[in-house]
Structure formats: C-alpha cells, structure tokens
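Remarks on the structure that follows.
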Amino acid sequence: MSDKTNDDKTLSVNPKKTLTLKRPGVEQSTVRQNFSHGRTKAVVVETKKRKFSRPDEKPEVEAAAAPKPAAPAAAPQQAPASAPVSASAAQASAPQPAPVKAPATKAPAAPSAPVTKPHVAQQRPVHQRPGGQQAQRPRPADRSGMVLNTLSRSEMDARRRALEEAQIREVEERARAVEEAKRRAEEDARRAKEREESARRQAEEEARLKAEAEARRKAEEEAAKRMPQPEARSERRDDARPAPYGARPQQAGRPQGGRPQPAGRPQQGSPRPAPIIADAAPIAGKPLPQSQLRKPGQSDDDDDRRSGAARRGVAAKPEVRAPKVVKGEDDRRRGKLTLTSNLEEEGRSRSLSAMRRRQEKFKRSQMQETREKISREVTIPETITLQELAQRMAERSVDIIKYLMKQGQMMKPGDVIDADTAQLIAEEFGHTVKRVAESDVEEGIFDVADNESAMVSRPPVVTIMGHVDHGKTSLLDAIRHANVVSGEAGGITQHIGAYQVVQNGQKITFIDTPGHAAFTAMRARGAQATDIAILVVAADDSVMPQTIESINHAKAAGVPIIVAINKIDKPAADPQKVCTALLQHEVFVESMGGEVLDVEVSAKNKINLDKLLDAVLLQAEMLDLKADPDRTAEGVVIEAQLDRGRGSVATVLIQKGTLHPGDILVAGSEWGRVRALVNDRGEHVKEAGPAMPVEILGLQGTPQAGDRFAVVANEAKAREIAEYRQRLARDKAVARQSGARGSLEQMMNQLQVSGTKEFPLVIKGDVQGSIEAIINALDKLGTDEVRARIVHSGAGGITESDVSLAEASNAAIIGFNVRANKQARDSAEQQGIEIRYYNIIYDLIDDVKAAMSGLLSPERRETFLGNAEILEVFNITKVGKVAGCRVTEGKVERGAGVRLIRDNVVIHEGKLKTLKRFKDEVAEVPSGQECGMAFENYDDIRAGDVIEAFRVEHVSRTL
C-alpha cells in the first residue's frame with residue numbers, strides 16, 4: 001500500500017490478498033495433538049475473552065456471524081496483513097443501535113455448531129466487497145484503532161430492518177418447530193396403536209390356528225380309533241421306515257462320548273442336515289416340501305450347533321415330520337392367492353367336485369355296487385359330429401371312436417357323420433333315437449288348428465283387380481272418401497294398398513292391386529290373400545289382357561268374383577258388351593243367367609257404390625267367414641319397404657289370431673319384435689285382429705312381398721327359423737347362378753348364354769313389390785344377344801355402398817321412387833356412375849330398352865351394284881397387275897366391295913384399289929363402258945374372270 005498517503009483513511013484491499021477482519025476479543029494458539037504410531041497434528045485453538053460492562057453502560061449487541069465450514073488454520077497466516085483493517089471496521093461499527101439485548105458469551109470451539117441467533121450481518125454496506133467477511137462484534141470506544149467510515153442513516157435503517165426480519169423468522173421457526181413436534185408425537189402414537197393392533201390380530205390368528213390344529217388332531221385320533229387296520233398298516237410302515245435324517249446311528253465299539261470335531265467343520269462322511277422350520281410342525285399336518293426346509297433369514301449357527309452336539313455324542317432328537325394338511329372346503333373358499341402362498345403350495349390340487357366324485361366311486365366300489373346304464377332319447381339331425389353325438393348320449397367320445405375302430409373306421413371327434421351312422425352308434429350304446437330333419441324347425445308354426453268354440457265372425461277381405469286405367473283405385477277412393485290416385489305417379493297404382501271401410505256397421509277390408517302387366521306377381525298375391533275378388537271392367541273398354549289375367553288368378557285362388565262395370569257415365573259405355581265378352585272367359589253374370597254378381601257403378605260420380613258394398617256383404621254372409629282371435633297371429637306380407645326414419649316397415653294382413661306390440665314374429669327369412677302397429681289411417685293401435693291390415697315396425701330386415709308370417713314363442717326360435725330360410729335362399733341362388741350341368745344340349749345353351757352381352761344394373765325402389773315387378777319386366781326384354789343383369793336390388797334409398805358396387809361392376813343405378821343421399825351423389829359424381837330416377841314404370845322400361853338396344857351389334861346389309869368382265873390383264877411397273885374390264889351389268893363404284901368369280905366360284909373378296917378410265921381416276925363406271933381395275937393386296941387375276949361389285953351398309957337394331 002505504498003501508493004497511499006498517511007492521511008488517507010479509506011479502506012483499500014490488495015487484489016492479491018483476501019480481505020479478512022480480526023475477531024476482537026479472540027486469542028489464537030496452537031496445540032499439538034499426539035496420535036498412535038508416532039503421528040502428531042497441529043491444531044489452532046481460539047480463546048474468546050469475556051467482556052465485562054459497567055452497570056451504567058448499555059450492553060452492545062454482538063452481531064452473530066454465520067458459521068463457516070472453512071478451516072480456522074488459515075487465520076494466523078493472514079492476521080498480520082489485515083490487522084489495521086479489522087480494527088478500523090470494528091470502530092466503524094461502534095455507533096450502530098442495539099435494539100436487542102444479547103449477553104456476550106464465549107464462542108464454542110467448533111465452528112460448525114448450529115447458531116440459533118438471527119444473522120444480523122447479512123445486509124452488507126454497498127462499499128463492501130462480496131469477498132469480504134461479515135461484520136464482527138464492535139469494540140469498546142476506549143480501545144484504539146483506525147476509524148474508516150461512519151454508518152449512514154440508510155445503512156442503519158437497513159440493519160434495523162434486518163434485525164426485525166430475523167426476529168420474525170425466529171418466531172416463525174419456533175412455531176413450526178412446535179407444530180412439527182406435535183405432528184411427530186401424533187405419528188408416534190398412531191404407529192404405536194397400529195403395532196398394538198397388529199400384535200393383537202397376530203395373537204388371535206395364532207390362537208385360531210392352534211384351535212384348528214387341535215380340532216384336526218382330535219378328529220384324526222377319532223378316525224384312527226374307528227379304523228384300526230389302516231393304523232396298524234401305518235405303524236408297520238413306520239417301523240420299516242429308516243432312521244430320521246440327521247440322527248446318527250450308534251456304531252459298535254465306539255463310545256457315545258467320542259472326540260468332538262471343530263464346530264465349524266462338518267463331520268466326514270455324513271452330510272449336514274438341513275434346518276427345519278420349528279413352527280411348521282404343530283400347525284401343518286403334512287411333510288413339508290423341500291422349498292420350505294430352510295426358513296428365510298435363518299443363520300447357519302443352528303446347523304453348526306446341532307452338528308456339534310451330534311459329534312459330541314449327545315443323543316439327537318429325531319425330527320418329527322408333521323402330516324400334510326389337506327385344506328377343507330372352508331379354507332379353499334376363502335382367502336386370497338398371493339405369491340408366497342402359491343410358492344408354498346405343492347401344486348394344483350383336485351377340485352371339490354372331483355374329490356366328491358372320487359369318494360362316491362370309492363363308496364360304490366366298497367359296497368360292490370354297479371352303476372346302471374341310463375338309456376336316453378337322442379335327437380339326431382341329418383348330419384352330426386362325433387363330439388356332439390357323444391354329448392347327446394352322455395358318453396365319452398373315446399368310447400365311440402373305439403367302437404368305430406372295431407368296425408374298421410378311423411375317425412376323429414370332429415368328423416361329421418350322417419344320420420344313419422349316428423343311429424347305429426346310438427342304438428349300439430343302448431339309446432333310443434329320434435330322427436329330425438332341418439326343415440322340422442318350421443313345424444307347428446303355420447296351419448295350427450283353431451279352437452272351434454272360440455270362433456267369431458270376421459270381416460271379409462276383398463281384392464280389387466282389373467286392367468290398368470279401368471278405375472280400380474278411383475273406385476276404392478270413392479268408397480273410402482279419399483284421393484289416392486292423385487298421389488300415384490302417372491295416375492297408375494304401383495303398390496298394393498290395403499284399407500278397411502265400414503258399411504252398415506260391418507267392416508270390409510279392401511286390397512288394391514296394380515293393373516299394369518308388370519305387376520303380375522302382385523295380382524297373384526292379392527288373389528291368394530283374399531276372400532272375394534271384385535273384377536273392375538271399364539264399360540267403354542271391355543275385357544283387356546290384364547282383365548283376363550285377373551280372372552285366371554281369381555279362379556286359381558278359388559275365390560268368388562263380383563263384376564263391377566265401371567265408367568257407365570261415359571257416352572261410349574256399353575255394359576252389355578262387357579257381359580258378353582266375359583262369357584268367353586267362363587264368367588257368367590246374373591244378368592246373363594249366371595251366378596256371378598254384377599254391379600254397374602261410376603267411381604267418378606259415385607253411382608251405385610252402396611249396391612256394390614251390399615253385394616260384398618251378401619257374398620261374405622254366404623261364405624260364413626270366421627276366425628279365432630285368441631290364438632297366435634298368422635298372416636301374409638302384402639308389401640314391405642325400408643323407411644329412412646322408421647326402418648323396415650311391412651304392410652301385413654292378419655288372417656288368424658290377434659297381433660300385439662311386443663310379439664316376436666317370423667316373416668320369410670326375417671324376424672323381429674313388433675314395436676308398433678299402424679292402421680291404414682296412420683293411427684297407432686293396441687292390437688290387430690283377423691282380416692285387419694296394419695303396418696308393423698321392428699323387423700330386422702325387409703321381407704319379401706307375399707311371405708307368410710307367424711308369431712313364435714321366443715327369439716331363439718325366430719332366429720333359428722330365419723337362419724334356416726336364409727340358408728335355403730342362398731343355396732337356391734348358388735344353384736341358379738351355377739346353372740344346370742349334364743346333357744350336351746344344356747352345355748351348348750350355357751355356351752350360347754356366355755356369349756350374350758349383359759347390361760348391368762343396380763335397382764333400388766321404395767317397396768319390394770315394385771322392385772320385383774321391375775325385375776320381371778326387364779327379364780322379358782332380354783334376347784339371345786343381350787340381357788339385363790341385376791347386380792343388386794333392394795328397398796330403400798341409394799347409398800354409398802350401392803355406388804361402390806356399381807363402380808366395381810360397371811353398372812348403372814336406377815332409383816324407383818327413391819333418391820340418393822348427398823354422400824352417394826358425391827361419390828357417383830367422382831367415379832362417373834350414372835344415377836337415373838323414375839317414378840313411372842313405363843319410362844323406366846323404355847329407357848332400359850333403348851340402352852340395351854345400343855348393345856346390339858348392327859345389322860350388315862349388302863346392296864348389289866353390278867358386274868364387270870376382265871378382258872385383258874396388264875403388268876404395270878410399281879403398281880402390279882391391272883385388269884382391263886368392261887362393265888356388263890349395273891355400275892362399279894370406287895371403294896366398293898368386290899368379289900372375283902372364276903368358273904362360278906368366288907376365289908377372292910376384297911376392295912377396289914383403283915378405278916380408272918383413260919388414265920383418269922373416276923368415281924364410278926356405268927354399264928357398257930370399259931375401265932381399269934386393281935385390287936387391294938391381290939394380283940391373281942386372269943382374263944375371263946368376272947368381278948362382282950357391291951355396297952355394305954350397317955343398320956342399327958332395336959329390341
């Protein structure tokens with residue numbers, strides 16, 4: 001510090017030395033410690049002097065320095081250099097206030113002892129370096145030293161705040177310490193309580209185990225008293241058993257107290273016995289397994305002591321192996337499976353049922369009882385596996401296989417055998433056989449006998465039939481006071497409609513059938529489900545083809561006919577002509593002396609409608625229609641469709657019994673539970689009696705129109721019948737697609753059909769009956785060259801799956817009274833699939849017919865032009881042979897087809913390459929003129945040959 005003057009009293013620190021402060025009132029000395037083996041160590045010891053204060057003086061606060069882990073040995077080396085600085089710092093800290101009274105005590109020798117006083121010297125002045133030590137306790141004022149600087153008011157306030165914060169922290173730490181001590185006391189009390197509870201439970205468990213062991217011991221003693229022979233045998237076995245392991249036999253000629261060997265070394269020639277768990281003997285009643293012979297954590301000292309005692313000649317006690325404990329039913333039922341208990345068990349034991357069966361078998365063998373053979377009635381279907389047959393006979397499949405092996409047949413349990421073989425096996429094993437067929441699942445569903453005493457009158461079912469546009473639906477609308485015709489596309493009926501009206505307090509059920517030729521199947525179904533047929537014939541149109549067809553359907557169904565001559569209000573009406581025309585088809589009306597009722601009506605002007613209804617009621621009274629309403633319902637499906645909001649909806653006609661919501665029914669190959677019944681006016685009804693048409697909701701799928709339905713007992717029966725019918729439908733479809741094979745004629749027909757062009761279609765309609773009519777109409781359009789192939793058809797809207805199917809099969813999509821959803825439209829637009837919508841069957845058939853006509857190969861039509869005779873043949877360079885000809889008949893055109901005829905035999909057919917007259921190309925050469933001709937790719941021409949010219953035209957065909 002040579003660059004400072006004597007008057008400069010500022011604090012200066014050499015950067016090469018560490019700033020230290022000498023602790024006032026502390027003396028340092030060195031003590032040498034002696035250790036063993038001549039080692040010594042010098043230890044620095046600090047001695048702190050006690051400061052005494054006068055009574056009139058205020059005690060000064062000693063700033064408690066934080067304990068530092070640094071070794072104090074470095075203090076004497078730096079003390080001389082920093083002595084003035086320490087003295088100056090001590091005097092500078094003298095004027096600070098002392099708010100807390102703290103008696104000065106001698107500092108402990110160990111610097112690492114915990115200090116509970118607050119750390120006052122944490123707030124350092126701004127001019128101090130971070131490397132400097134904290135402020136030391138101030139010296140008295142009478143001591144000499146260098147005063148570096150007095151503390152400012154802000155520094156004094158900072159120190160005061162630090163002291164206050166330290167006091168607050170000390171109070172908080174004391175509170176936390178009290179809470180921690182309280183928490184520890186509570187935790188200790190809880191643990192002590194848990195230990196006591198655990199000890200109590202363990203004592204109870206040990207007492208229970210001892211009681212159970214004592215009870216088992218007494219039971220074994222009583223059993224041993226009742227069975228003396230097994231005990232004697234066990235005693236004999238115990239006598240013949242060798243000495244216990246670990247007990248050394250007494251050798252001859254050697255005293256018992258021979259020289260012992262060292263305790264830590266085993267005896268020569270004998271293995272050291274393994275320790276046995278001492279606690280297991282009184283509890284367990286069985287010899288312990290090898291995995292339990294050593295207790296975990298047990299030391300080997302016991303083994304050494306036992307081996308040492310044996311070597312010293314002390315008689316070792318024989319180890320008693322406790323009998324194995326068999327867990328009873330109670331132990332097996334309760335308790336949980338753990339890893340320890342699983343490892344301690346010997347393995348998987350028999351079940352309780354197996355033990356019970358074993359005991360019963362043992363008792364029967366002791367009592368010399370033979371088990372009687374139980375004869376069962378075995379139901380055998382058309383095919384059955386050996387395993388299933390064994391289960392039905394309650395026999396082992398191994399016994400059946402052995403029997404078949406004796407018969408020379410090697411079979412497995414999964415092999416399928418026929419009903420005859422199964423019957424032979426069952427009879428051989430002493431059982432009776434009941435043969436059933438797969439179709440027996442439908443037995444007892446339809447045609448169940450009615451209870452004659454419960455029969456009541458039912459409304460008649462009337463079907464309105466006739467030719468298209470003869471006014472069938474208009475007549476029914478006039479009767480129902482409704483307007484259905486306006487809702488039908490094109491004014492023609494394309495569905496079967498079922499309605500119920502009331503006349504003179506009596507109900508009449510009407511079924512309206514389509515009159516178009518495409519709906520033949522619908523008319524046939526309508527005739528089958530009816531009691532009376534009303535044949536509607538227009539007075540101005542007389543008998544037409546569909547009228548004749550309706551007559552045939554009614555006669556085939558055996559139902560009476562009532563002729564309704566409609567449109568009598570027209571000027572051209574001639575009812576007498578209608579009656580005369582009906583005579584040709586064996587329909588004899590009353591006006592002509594027959595028995596068939598005829599009524600002249602006008603649906604438009606509602607003339608004689610009451611007479612028609614009276615005739616219906618009269619005919620129904622003659623038929624004496626009755627039904628049993630208390631039996632399960634049967635009927636027929638009139639129409640079915642897939643409704644977007646309601647699912648599968650079927651219009652059915654109840655023929656027998658009463659249908660209720662919740663009934664489980666089977667309709668064709670579909671089944672379901674009736675969720676709702678809706679009548680023809682859209683009202684929900686609680687039940688539907690005989691001859692009542694209703695819509696049913698809840699079927700799993702859409703049945704076919706015309707299918708019969710019946711109510712079954714449960715879902716299992718319904719599912720079984722539906723699966724059987726679906727299987728039959730698949731088999732029929734496969735047989736129809738595969739085609740018949742056999743005769744040569746059938747094979748040739750198949751080859752001919754395979755060359756037929758196909759027009760693939762995907763048809764979606766609103767109801768199943770309309771789809772059926774469309775398919776039948778398209779089948780009639782087919783010829784030997786082209787036909788329509790229905791890739792898929794179904795009731796419901798057009799979906800994405802339909803578009804994907806059409807894209808895969810390159811088919812067009814036809815929607816009849818349905819539309820495609822947005823996803824299907826977008827998909828069809830992306831893939832280029834055409835979707836066409838129709839609501840009139842006429843338009844649909846016409847468009848498909850035109851499209852199929854485009855697939856027909858055009859007709860080749862040939863027109864004769866003329867003949868020419870070859871007069872001379874010329875060889876021209878770069879051209880070839882050219883024929884000089886004279887046209888003898890007709891004309892010859894350039895580019896026309898030609899035939900080369902030699903000796904009345906056609907030897908070439910081709911086209912003209914050139915046609916010249918006097919070296920000029922001409923379009924045609926008339927008769928009588930000469931010309932030059934050359935053929936394409938042909939040169940074998942001679943003088944005298946005849947050339948025939950013709951024109952070929954291709955004309956498109958239609959179906």
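From the backbone N, Cα and C atoms, a Cβ is placed for every residue, glycine too.
Per Swiss-Prot, compositional bias 'Basic and acidic residues' is recorded for 1-10, 154-225, 232-241, 318-333. What Swiss-Prot records for 1-374 is region 'Disordered'. Marked as compositional bias 'Polar residues' by Swiss-Prot: 27-37. The annotation compositional bias 'Low complexity' is assigned in Swiss-Prot to 63-118, 128-138, 246-284. Among the features that Swiss-Prot reports, domain 'tr-type G' is placed at 457-626. For 466-473, 512-516, 566-569, the entry in Swiss-Prot reads GTP binding site, with the evidence type sequence analysis. Positions annotated as region 'G1' by Swiss-Prot: 466-473. The region 'G2' feature in Swiss-Prot is assigned to 491-495; the stated evidence is similarity to another entry. Taken from Swiss-Prot, the feature region 'G3' applies to 512-515, supported by similarity to another entry. What Swiss-Prot lists as region 'G4' is 566-569.
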Worksheet item: For Ile568 (GTP binding site), which residues of its chain lie six or more apart in sequence with Cβ-Cβ distance below 8 Å?
Response: Ala539, Pro575, Glu600, Val601, Ser602, Ile607
Worksheet, complete the sentence: Across every protein chain in view, the count of C-beta atoms other than its own within 10 A of the C-beta of Gly466 (GTP binding site) is 28
Worksheet item: Using a 10 Å radius around each Cβ and counting other Cβ atoms from all shown chains, which of the binding-site residues Asp469, Lys472 yields the largest count?
Response: Lys472
Response to the item:
Taking DSSP H, G, I as helix and E, B as strand, the region 'G1' (466-473) contains 2 helix, 1 strand, 5 coil
Worksheet item: Counting each residue once, how many in the region 'G4' (566-569) are helix, strand and coil under DSSP?
Response: 0 helix, 1 strand, 3 coil
Response to the item:
The correct DSSP tally for the compositional bias 'Basic and acidic residues' (154-225) reads 72 helix, 0 strand, 0 coil
Worksheet item: Any idea what the model's mean pLDDT is for the domain 'tr-type G' (457-626)?
Response: 79
Response to the item:
Per DSSP, the compositional bias 'Polar residues' (27-37) contains 2 helix, 8 strand, 1 coil
